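Student: Dropping the structure in here first, questions after.
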Amino acid sequence: MIYQSPTIEVELLEDNIAHLCFNAQGSVNKFDRETIDSLNAALDSIKQNNSIKGLMLTSAKPAFIVGADITEFLGLFAEEDAVLLSWLEEANVVFNKLEDLPFPTISAINGFALGAGCETILATDFRVADTTARIGLPETKLGIIPGFGGTVRLPRVVGTDNALEWITSGKDQRPEAALNVGAIDALVAPEQLQSAALKMLKDAIAEKLDWQTRRAKKLAPLTLPKLEAMMSFATAKGMVFKVAGKHYPAPMAVVSVIEKAAQLDRAGALKVEHQAFLKLAKTEVAQSLIGIFLNDQLVKGKAKKAGKLAKKVNSAAVLGAGIMGGGIAYQSASKGTPIVMKDIAQPALDLGLGEASKLLAAQVKRGRSNPAKMAAVLNNITPALDYAPVKAADVVVEAVVEHPKVKSMVLAEVEEHVSEDAIITSNTSTISINLLAKSLKKPERFCGMHFFNPVHKMPLVEVIRGEHSSDETVASVVAYASKMGKTPIVVNDCPGFFVNRVLFPYFAGFSGLLADGADFAAIDKVMEKQFGWPMGPAYLLDVVGLDTGHHAQAVMAEGFPERMGKTGKDAIDVMFEAERFGQKNNKGFYQYSVDRRGKPKKDLDPTSYELLQGEFGERKAFESDEIIARTMIPMIIETVRCLEEGIIASPAEADMGLVYGLGFPPFRGGVFRYLDTMGVANFVALADKYAHLGGLYQVTDAMRELAANNGSYYQQA
């Protein structure tokens, strides 16, 4: 053994080849400070052994290296610039040391080689991957850029255009794509990985492969003609900005860094990378996106823990077909859990199966599936007009019409047809789980399972705990949602649960602006372009359906009359009474048609303005800051109330619910990250300015106390 630490082992193989194996004590290899130090020491030991003729890097885990240890980032990024720069420079000495060894080197890549893992393999002369490999530099998704030489080495290995596409998108690349651009040199079956890597390394040692020229290319400036470089970077800037937009600076920084470093050698190019990394690491965007990543890990960790308590789900059933039922059936079947789709009407079953078939066909068209897999998934969906096939289900998802009496009747009915220990859930967006539980003989096996529409796209599932729901029931539904590929958050029962409860105060703020004469299109523009929502409130209401919104608003008003009760008609009432339900009947705040490519098209409609003007009078202009304040303050305060009341367990879960369930702008991190960034005291002062608008604008006593103590929600958690 040449070297051994808790994360790295180096042994000498025959023919004087050193084998460095990453083998951390946890479930995955990642580049934390300890691993970087170990790699440095291992390379020193290798360099001191004069008999070594080549080096092979491998991993003892199912993944090569998943990246840097992101849990270290927030603390590290809070350090002084000099400390952060010193960390970057010291880490890069290690990667340079790997690249500068006096003999050929190769990486044998299995599973994920992401971020620092990808930067490690780029520092070796050759790269062989097996068919399980996924390679990429996802740092821009965290609001930063690669910091261990990724922007320097990748363009010199795969070319500028390919490197720009890889790094700015942050996407994992399949091994076939990596082979096509030259990021890897060979692609083999998993069982052939080490033997193929050793053969290539021996060929390099025997001078059959020119490793010196390859290495020299990575150390030198990019060989790019000046005119071609100008055109390439100008095109890239336009394309990247179009996708990333102004709120996400990291992808544009990548283009700038590679452009600035193009004429520099490795040392100069690394300095350019370090300065850009330093600048981005200090941004609020990076703090927010890293926070989302860590929150996601926390939520997934809770789901994994729930799996230990959970009842095994081998089969499922959904009651109510149609678009929603079909979406749930597709999601369950495509992730490996067979499901019965039960309805009382054959046309509804046909619609549900049609929805599942359409989603699967789209996967085949994109190359993400094939006809054989599509057939297998469809075979996992059993349509039924009676309860006979439902009897074997371990979990039942009731997804019938959003009406308490209908749901209660169906729930009572299905309880008679399933096993004693089957779990029953309701996919309701507004109806109290405690109320629905009254229709069941065994309410302990019942909870809510709120999917968001469209099911296949929206990552969130709210698992709603009723007062009688058992821990096993909740854990089993969390585990089933995770198995379906969803992110579950557990919330306690209340009107609107969590997501809808905080959404409707936002809509109330929007309605208040319209009642004061604001232009809904102007509000949408501010909330989309400036605040960063994917849709403004008017457009979102049209997509949700103003009939659905009208019903949910009534539920919220009944549940929280002191804050959400209405004294008169609002804009949602106006649209509902005019039977302008949104996209579903092609007219809401906007009017909808189909363009030449068959895609929905949104246009302003004079009728909407006439209806609103008739109710609220002449239009008037509002400043952007007031629009943002009047829509966001109610949502933020209601989110805080949910935390204080125990509806949601933590700021992290609340923020994930908002980002995954509503599309809250990720670069702002969620309500609690946004509050902490803004400063709770600053928010309280802003809310007080609008407190005269009613209860939705009045902060809680606990918020005032936190503000007075200069506290923050994540620090408190």
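Positions of Cβ are set from backbone N, Cα and C atoms, glycine also.
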Student: Need one residue: from S429, S432, S476, the one Swiss-Prot lists with M324, D343, V400, V401, E402, K407, N453 for NAD(+).
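Tutor: Site partner of M324, D343, V400, V401, E402, K407, N453 for NAD(+), according to Swiss-Prot: S429.
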Student: Report the candidate from Y660, Y674, Y690 that shares the substrate site with D296, N500, as recorded in Swiss-Prot.
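Tutor: It is Y660, as the record lists it for that site.
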Student: V401 (NAD(+) binding site): which of the recorded positions E119, D296, H450, Y660 is the nearest Cα neighbour?
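Tutor: With Cα distances computed to V401 (NAD(+) binding site), the winner among E119, D296, H450, Y660 is H450.
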Student: Could you tell me the mean pLDDT the prediction assigns to the region '3-hydroxyacyl-CoA dehydrogenase' (311-717)?
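Tutor: Taking every residue in the region '3-hydroxyacyl-CoA dehydrogenase' (311-717) and averaging pLDDT yields 95.
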Student: Return the member of E119, E139, D296, Y660 nearest to S429 (NAD(+) binding site) in space, with distance defined Cα to Cα and candidates limited to these recorded positions.
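Tutor: Answer for the nearest of the recorded positions: Y660.
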Student: Taking the Cβ of E139 (site 'Important for catalytic activity') as the centre, how many other Cβ atoms fall within a 10 Å radius?
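Tutor: I get 29 for this one.
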Student: Could you check which of the binding-site residues D343, K407, N500 is the closest Cα neighbour of E119 (site 'Important for catalytic activity')?
Tutor: N500
